[in-house]
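What Swiss-Prot says about this protein:
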type	residues	note
BINDING	Asp25, Tyr31, Glu36	Ca(2+) 1 binding site
DOMAIN	58-93	domain 'EF-hand 2'
BINDING	Ser73, Glu75, Arg77, Glu82	Ca(2+) 2 binding site
DOMAIN	105-140	domain 'EF-hand 3'
BINDING	Asp118, Asp120, Ser122, Glu129	Ca(2+) 3 binding site
BINDING	Asp162, Asn164, Asp166, Arg168, Asp173	Ca(2+) 4 binding site
DOMAIN	197-232	domain 'EF-hand 5'
BINDING	Asp210, Ser212, Thr214, Glu221	Ca(2+) 5 binding site
BINDING	Asp254, Asn256, Asp258, Lys260, Glu265	Ca(2+) 6 binding site
Amino acid sequence: MDNARRKTPARLDAACFWQIWQRFDKEEKGYIRETELDAFFDHLLAKSGTEDTLMEENVQKVKEQLMTSHNVSKEGRILMKELASMFLSEDENFLLFFRLETPLDNSVEFMQIWRKYDADSSGFISAAELCNFLRDLFLHHKKNISEAELEEYTSTMMKIFDKNKDGRLDLNDLARILALQENFLLQFKMDASSTEERKRDFEKIFAHYDVSKTGALEGPEVDGFVKDMMELVQPSISGVDLDKFREILLRHCDVNKDGKIQKSELALCLGLKINP
């Protein structure tokens, strides 16, 4: 395995690998089928832009080692992580997989990150702001990299996650980078519930977003709630839209105008009467 890794084309980076991978894993499940492996390697060789026989032999060796090792599941699935580790450097692997190791399960935490790095409150993350995010990320994981490498990795991340190629990332792009888990509110069916069930669900919902446990939603807690609420009816919202919806919610629910949404205020907005 080590020899095969050393001989595979070093020019392949995370962005290039991701571009090829997406052809086969369009739903981003994180694996491809064993039956798709030949086509995957054909695209890999074509993307490398060379007809080097030695390289083709090495790719074939990687495939053989992959099939003879325990990297193929009983269902015939091959994980992206297994293939990427054979072709990408340690740092390039890190760019693809750091988010899989520490996925976010709470929109409040996600919005804290969004607000921190959208420093100019434009509703987008620029390349410079993404660079700051990656710098902090590498430091958090105790990885030392040069400024030149940081610029290169920022460029790579933009290639991978800037879906509409406008040179900036929106809310949905960052959610993909951070592997934000499924919308918490999807599990609740408020309209189809009895009054008691709605009250019980409300308690769960409020507790989920009241991360600080103060009895009021404020700052990123409001942001997280608004994001999840709006995405129930509009699957893809921008940072600008989120700010608009946030203002509307505060205008309607923040009765005492303290910039927070008290538990009783949110209940009133949702047409519920709760015990003090």
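The backbone N, Cα and C atoms fix where each Cβ goes, and this holds for glycine too.
Values in this document were obtained by computation on a predicted structure and should not be read as measured data.
Same-chain residues lying 6+ beyond the ends of the domain 'EF-hand 3' (105-140) with a Cβ under 8 Å from its Cβ atoms: 98, 150-151, 153-155, 157-158, 167-171, 173-175, 178, 180-181, 183-184, 208-209, 211, 219-221, 223-225, 227-228, 238-240, 242-243. Of all the binding-site residues in the list Asp118, Asp173, Asp254, the shortest Cα-Cα distance to Arg77 (Ca(2+) 2 binding site) is found for Asp173.
Across the range of the domain 'EF-hand 3' (105-140), the DSSP-based residue counts are 25 helix, 2 strand, 9 coil. DSSP assignment over the domain 'EF-hand 5' (197-232) gives 25 helix, 2 strand, 9 coil.
Neighbours of Glu82 (Ca(2+) 2 binding site) among the binding-site residues Tyr31, Asp166, Asp210, Glu221, defined as a Cα within 10 Å of its Cα, are Tyr31. Neighbour density around each Cβ, counted as other Cβ atoms within 10 Å, peaks among the binding-site residues Asp210, Asp258 at Asp210. Taking the Cα of Ser122 (Ca(2+) 3 binding site) as the reference point, the closest of the binding-site residues Glu75, Asp173, Asp210, Glu221, Asp258 is Asp173.
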